[in-house]
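Novice: What Swiss-Prot records for this protein is below:
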type	residues	note
BINDING	H112, H116, H122	Zn(2+) binding site
Amino acid sequence: MLNQLTLSLQFGKLENPALHRGALPRHKVARWLRHALQSDAEITVRIVDTEEGQALNRDYRHKDYATNVLTFDYTQEPVVTADLVLCAPVVAQEAKEQGKTLQEHYAHLLVHGALHAQGWDHEAEEDAQVMELRESEIMARLGFENPY
């Protein structure tokens, strides 16, 4: 049985909002996240432009560039609470470079972010391999190709 999810899906200022909204129907975002969760969760997903993504990455990670996904995890028990911020232009560019659909890449990054929210990380090579395997298993259950 899938876990309970309270989801807030937000779209910031975007150059092509219809493209990104179309790739992220609420019911699919909820499904992707629930498959990655091991407990109930309250998650906010915010889709942002390069400027907002870069500001958040700079302010919170001290890295002055926009990245694909940022995870702000607040609690892991008894309920996972987190904000996942995805930078739409970075996600779109990566999808194009990797030969993926925009929706497929968003699904992967949401799974990736949800795992981070539950304490998974990929700083050490061994941890990265374990996390990538978990992501691949979840993506396969969702009907997607191996993202790696």
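Cβ atoms here come from the backbone N, Cα and C positions, even for glycine.
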Novice: For the Zn(2+) site (H112, H116, H122), what does the 8 A shell look like? I mean other same-chain residues with CB within 8 A of the CB centroid.
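Specialist: My list of surrounding residues reads V69, T71, G113, L115, W120, D121, M131, E135.
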Novice: Quiz question: given the binding-site residues H112, H116, H122, which has the greatest number of C-beta atoms lying within 10 angstroms of its own C-beta?
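Specialist: Sorting the candidates by Cβ neighbours within 10 Å, the top entry is H112.
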Novice: For H116 (Zn(2+) binding site), which DSSP three-state class applies?
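Specialist: Reduced to three states, the DSSP call for H116 (Zn(2+) binding site) is helix.
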